[in-house]
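*Asks:* Annotation comment: TrEMBL describes 1-29 as region 'Disordered'. Look at TrEMBL and you will find 16-29 tagged as compositional bias 'Basic residues'. If you look up TrEMBL, you'll see 91-303 marked as domain 'SGNH hydrolase-type esterase'. Positions annotated as active site, nucleophile by TrEMBL: SER95. Positions annotated as disulfide bond by TrEMBL: CYS110-CYS135, CYS176-CYS184. Residues annotated as active site in TrEMBL: HIS295.
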Amino acid sequence: MARHRADRSDHLPPPQRRRLRRLPRRAAHRTGTAVIAASRYRVALAAAVVTAVVALGSIASPALAATTGKGKPGGGGNGNGGGTAQLAYAAVGDSYAAGLGAGSYLETTCYTSSKGYPALLDADANLALAARPACRGATTADVISKQVPALPANAVRVTLTVGGNDVGFANVMQNCFVLVNSSCESHIVAGETIVQSGTLAQNVRNTIAAIIAKAPGARVAVTGYPLLFASISRYQWAARVNTGTAALNDAIEAAAVQSGAVYVDVESPFAGHGIGSSSPWINDWSWLRSNDSFHANAAGYQAYAAALRPALQ
């Protein structure tokens, strides 16, 4: 596993590469009634667990949520509003690219949110969101096979957030933080192995290549993931998972650079806003909001959008 870094602010790019500058840096006898009540509780709990597992790990077919930018104030678009032509923009990737965690969902298959970073970027005068096939649970293979075909060939800006599901994000969250059990570490190790072997980086390179093949004129901006947990956390495995996320981001960054894409760091802007901090930008586990758990909230996606904007000009 790559080294653990409490501060990644000195990680600067080579001069030949377009990249964002990092910002500075988680027992009495039961009566018959009581027995029935307990039984009902167990059934309800089991149902909640199933719901949580589905929310964390299901891979759904992407729903295409297209916006054509109809004459935004200060800009034009593809509609009837006139004005300056906008850049055709598309967003592909996993739940972080869909906006899971932010609420205000446009549909509940992929959990596309009107508060996710693609929607926030679409509100910018210079961008028109032409395709948004990003979907929760998506792996790199899903992006290539299900999402890239939905990209318009004339897209000139494409954002990509992917890789977490390739290394078993759902398995780690379920077994280390939701229903904590003895298999936790084995799931973490499995993900670490995928990163260390170079498999993850190759998967990301393949994904970027597929995007460029479909939209040859596109500038591809690839994001990493925030460290989920504050440095002091109530969770036993928080530090280990943060270390793994940092290594995952390193692999994604290397793949982006090697592929001619722009890598966009989000570790730095999320610093001090992990689960357990006084101002979290990531949703903690909740039985009542299991879909949103361990994903960015609305403030977090605003940070994503702010980090991405310079790369999409």
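Positions of Cβ are set from backbone N, Cα and C atoms, glycine also.
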*Asks:* Between CYS135 (disulfide bond) and the residue listed as 'active site', how many Å separate their Cα atoms?
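*Replies:* Pair distance, Cα basis, whole Å: 13 Å.
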*Asks:* Could you round the CA separation between HIS295 (active site) and SER95 (active site, nucleophile) to a whole angstrom and send it over?
*Replies:* 8
*Asks:* Out of CYS110, CYS176, CYS184, which of these disulfide-bonded residues is nearest SER95 (active site, nucleophile) by C-alpha distance?
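*Replies:* For SER95 (active site, nucleophile), the spatially nearest of the disulfide-bonded residues is CYS110.
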*Asks:* Between the Cα atoms of CYS110 (disulfide bond) and CYS176 (disulfide bond), find the distance and write it as a whole number of Å.
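*Replies:* Their Cα atoms are separated by 24 Å.
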*Asks:* Looking at the disulfide-bonded residues CYS110, CYS176, CYS184, which sits with the largest number of other Cβ atoms within 10 Å of its Cβ?
*Replies:* CYS110
